[in-house]
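Asker: Here it is: the structure, laid out below.
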Amino acid sequence: MSKILFFSPCSLFSHTMNKNSRLHTNSNIGNTFFSEIGIGITGNSFLLLYHILKFIRGHRPRLTDLPIGLLSLIHLLMLLVAAFIATDIFISRRGWDDIICKFLVYLYRVLRGLSLCTTSMLSVLQAIILSPRSSCLSKFKHISLHHILCAILFLSVLYMLISSQLLVSIIATPNLTTNDLTYVTQSCSILPLSYLVESINSTLLAIREYFLISLMFLSTWYIVALLCMHRKQTQHLQETRLSLKKSPEQSATQTILMLMTFFVLMTIYDNIVSCLRTMLLNDPTSYSIELFMIHIYATVSPFVFMSNEKHIVNFLRSMGKRMINLNLH
């Protein structure tokens, strides 16, 4: 299942789960996972609603507003699909047919790819925003939302094509016991692929992942370098209250830097643990830990973004004060 839902550069399908090692026997793991999913769905729904209302009210959008809103939508859909799939892992066999299995796993793969792509795009856009006028990136500062949407649409189609082999390899688990199938959930399995097809697909996924992560790393390094240069240039200024106050751009930059670093670290962790689990610890418990860890970014990211939005922070503070006052009275 790991290489269908949570793809790493290791062997394409690394989790072989037989019928005697079902994860639904451990209710604590399932409850923890569904709690994480619930928190993530709440946070992404709130962030998406905020950006929709912001657009309806006619606020001038920042260059990063569209990717952030899109990322919240992607994570919301991804977590919903993950929760639906998880019911067939932790709870009971639903008896899904081929169409449901193919649709859910294929949709999840595409959403995971779009999450990686949008996160990478967000880091690049932030680097463009901070780039000085003398930089070659400054000419992209006036890029329109139309171009961003076209890029996202192109990448969406590309990911759909790359993942299209899942529409063939994913099937409903037959009643006949066989050792040739890799179990994705209790209802869905993977048909064995030829060595050539598996190698090509693994190579394409690895190239895509390494390219986008490298792009995030370079843009993050560029942002850090710009911030260090800016700090050196302002060191000679007198340390007044005004100079110590963070600008909105600096706050947004620090937020995105933190998320990019967290995303890269979680991706590296997923790759390492997935490879080790494939070679050494191919058991349900280690798999369930990985299942929990790789959704942390989608769960945490909306709250990090919202912490940088003054309107949301002020709204939550006022709501908190009202609840405290109601409890006191």
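Glycine is treated like the rest: Cβ placed from N, Cα and C.
According to Swiss-Prot, the protein has these features:
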| type | residues | note |
| --- | --- | --- |
| TOPO_DOM | 1-32 | topological domain 'Extracellular' |
| TRANSMEM | 33-53 | transmembrane segment |
| TOPO_DOM | 54-65 | topological domain 'Cytoplasmic' |
| TRANSMEM | 66-86 | transmembrane segment |
| TOPO_DOM | 87-109 | topological domain 'Extracellular' |
| DISULFID | Cys101-Cys188 | disulfide bond |
| TRANSMEM | 110-130 | transmembrane segment |
| TOPO_DOM | 131-147 | topological domain 'Cytoplasmic' |
| TRANSMEM | 148-168 | transmembrane segment |
| TOPO_DOM | 169-209 | topological domain 'Extracellular' |
| CARBOHYD | Asn175 | N-linked glycosylation site |
| CARBOHYD | Asn201 | N-linked glycosylation site |
| TRANSMEM | 210-230 | transmembrane segment |
| TOPO_DOM | 231-255 | topological domain 'Cytoplasmic' |
| TRANSMEM | 256-276 | transmembrane segment |
| TOPO_DOM | 277-285 | topological domain 'Extracellular' |
| TRANSMEM | 286-306 | transmembrane segment |
| TOPO_DOM | 307-329 | topological domain 'Cytoplasmic' |
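Looking at the shown structure, can you explain where the listed features end up?
Answerer: With a threshold of 8 Å between CB atoms, the same-chain residues lying at least 6 positions outside the transmembrane segment (33-53) that come near it are 65, 68-69, 72-73, 75-76, 79-80, 82-83, 86, 90, 288, 291-292, 295-296, 298-303, 305-306, 309, 311-312.
Secondary structure by DSSP for the topological domain 'Cytoplasmic' (54-65): 4 helix, 0 strand, 8 coil.
Using a Cβ-Cβ cut-off under 8 Å and counting only residues 6 or more beyond its ends in the same chain, the transmembrane segment (66-86) has close neighbours at 5, 30, 33-34, 37, 40-41, 44-45, 47-48, 51-52, 55, 104-105, 107-108, 111-112, 114-115, 118-119, 121-122, 125, 145, 148-149, 152, 185, 291, 295, 298-299, 301-302, 305.
Secondary structure at Cys101 (disulfide bond), as computed by DSSP, is helix. Long-range Cβ neighbours of Cys101 (disulfide bond) (same chain, at least 6 residues apart, Cβ-Cβ under 8 Å): Ile170, Ile171, Ala172, Val184, Thr185, Ser187, Cys188.
Outside the transmembrane segment (110-130), and at least 6 residues removed from its termini, the chain residues within Cβ reach (under 8 Å) are 5-7, 63-64, 67-68, 70-71, 74-75, 77-78, 81, 137-138, 140-141, 143, 148, 151-152, 155-156, 159-160, 162-163, 208-209, 212-213, 215-216, 219-220, 222-223, 226-227, 249, 252-253, 256, 259-260, 263, 267, 297-298.
Helix first, then strand, then coil: DSSP counts for the topological domain 'Cytoplasmic' (131-147) stand at 8 helix, 0 strand, 9 coil.
Listed by sequence, the residues of this chain that lie at least six past the ends of the transmembrane segment (148-168) yet keep a Cβ under 8 A from its Cβ atoms are 4, 66-67, 70, 102, 105-106, 109-110, 113-114, 117-118, 121, 125, 191, 193, 197, 201, 204-205, 208.
With a cut-off of 8 Å between CB atoms and residues at least 6 apart in sequence, the same chain places nothing near Asn175 (N-linked glycosylation site).
Secondary structure at Asn201 (N-linked glycosylation site), taken from DSSP and collapsed to helix, strand or coil, is helix.
Beyond its flanks by at least six residues, the transmembrane segment (210-230) meets 9, 116-117, 119-120, 123-124, 126-127, 130-132, 250, 253, 256-257, 260-261, 263-264, 267 of its own chain at Cβ-Cβ distances under 8 Å.
When pLDDT values are averaged over the topological domain 'Cytoplasmic' (231-255), the model yields 60.
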Asker: Which of the three DSSP states, helix, strand or coil, fits Asn175 (N-linked glycosylation site)?
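Answerer: Asn175 (N-linked glycosylation site) sits in coil per DSSP, no helix or strand.
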Asker: What same-chain residues lie close to the topological domain 'Cytoplasmic' (131-147): Cβ under 8 Å, and 6 or more beyond its ends?
Answerer: 61, 63, 66, 222, 226
Asker: Around the Cβ of Asn201 (N-linked glycosylation site), how many other Cβ atoms lie within 10 Å? Please give the count over every shown protein chain.
Answerer: 19
Asker: Within 10 angstroms of the C-beta of Cys188 (disulfide bond), what count of other C-beta atoms is obtained when all protein chains are considered?
Answerer: 27
